[in-house]
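S.K.: Copied straight from TrEMBL:
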type	residues	note
TRANSMEM	7-24	transmembrane segment
TRANSMEM	30-50	transmembrane segment
TRANSMEM	57-74	transmembrane segment
TRANSMEM	86-104	transmembrane segment
TRANSMEM	116-134	transmembrane segment
TRANSMEM	146-168	transmembrane segment
Amino acid sequence: MIHSIKVGISLVLVSLLYLLDPLYEQVGENAMWAIMTVVVIFEFSAGATLSKGLNRGMGTIVGGGLGCIIAILAQKLSGGVGSNYYILIAGISIFIFGAIATYFRTFPSIKKRYEYGVMIFILTFNLVLMSVVREEQQVWEIARDRLLTILIGFIISISVSFFFFPLWSSDQFHCSTLSNFQQLAYAIQGCLEDYMRFANNEKENEEAATTNFTFCKSLMNSKAKDELLASYAKWEPWHGKFGFSYPWQNYLKIGDLNRDLAAIILALRTCLQASKKPMELQSWSETIQLIEPCCEEIGSNVMWTLKELGESMKQMRKIHASQISTNLKASRAEISMVVMMNIFTFNKIATLSILNNNYDEDDNNASQLAIASFLFLLKEVVNKVEELTKEVEQLGDIACFPTHIQL
């Protein structure tokens, strides 16, 4: 609603160039360029509007300037605007510069931040060369008048976007990253709880499981959105907690690690579904009773760590590195203990089964595989959380976050 109202206000202001006679006498038909500028550059956030506006400005200046130079040179070489030589030179120039600019649009670094500017360069260069042929004005006058009206549209768009309930891409990106930590913690908790419910022949919490599963899938597909928000955030001026040269690149690295963690959680969920049959075996039930307390402790440590990382970024303070390191070391020790208990228990069960002549190798292997998959993925969760901790710690150092005591 706020964005819609802001667009409406901008369109009313820029339309005054047509509606009011004193303004129309100054700009004339070129007022349409101001209206077009507002329509095409006004985006949801201030950073996106500024990005498009600057791209349009740079594309217009470079394209218009180069078009004017080519047009003047072509007039001098051909002897006049309407001559066949001018048309030939203009056509060759349009082909060369249009092809080169289009080729540069395919470069990832240019496509990410300057694609719109390159497109406007092609449009402006072409229009300037062609306008000279059909209009009586001098080429410099055409370029000047259009550039001024585009500048008016840019100023109106930026003023409304920045000073009337501004919406910042940086705030949206920051809050999205914080939310991911909280949701991942809940997803890990949900997976472990469902695993233990299956082990104890209890009914699964389908609603919570579906919610966690859906969030992880949506997080896996969020890379393009994060890169777009980071790109827009880099254009935004100093505001609130975010200054110039804020390390948004580190946010992208944190986002990549969060997506890796979501992928592991999805694999853990798949392991949970595939382990229903082994869970019915006696060897599984005896083993799970031994490892359940350890798994709950590991899940608790991982959840606390993720919430601490999110809370430190929310408060923009450095993390409790020593406490997190202690928790992750405890989690690794718990996993090592679980592995040893798993090996000991299965060997004991296998020995007793052989002595009682009821040993089933297939059932035994299925149970061991289910437990091994679960423990391996749990270990990967701990490793990925440790990587996240290092990345958040690095973000705090680069962004000069205060410590908890300083805060």
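Placed from the backbone N, Cα and C atoms, the Cβ positions cover glycine too.
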S.K.: Ranking 30-50, 57-74, 86-104, 146-168 by Cβ pairs under 8 Å to the transmembrane segment (7-24), which is first?
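M.R.: When the Cβ pairs under 8 Å are tallied, 30-50 comes out ahead.
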S.K.: In the same chain, who gets a Cβ under 8 Å from the transmembrane segment (116-134) while lying at least 6 residues past its ends?
M.R.: 51-52, 54-56, 58-60, 62-64, 66-68, 70-71, 75, 81-82, 86-87, 90, 93-94, 97-98, 101-102, 104-105, 110, 142-143
S.K.: Would you mind listing the long-range same-chain contacts of the transmembrane segment (57-74), meaning Cβ under 8 Å and 6+ residues beyond its ends?
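M.R.: Same-chain residues near the transmembrane segment (57-74) but 6 or more away: 85-86, 89-90, 93, 97, 114, 116-129, 132, 139-140, 143, 146-147, 150-151, 154.
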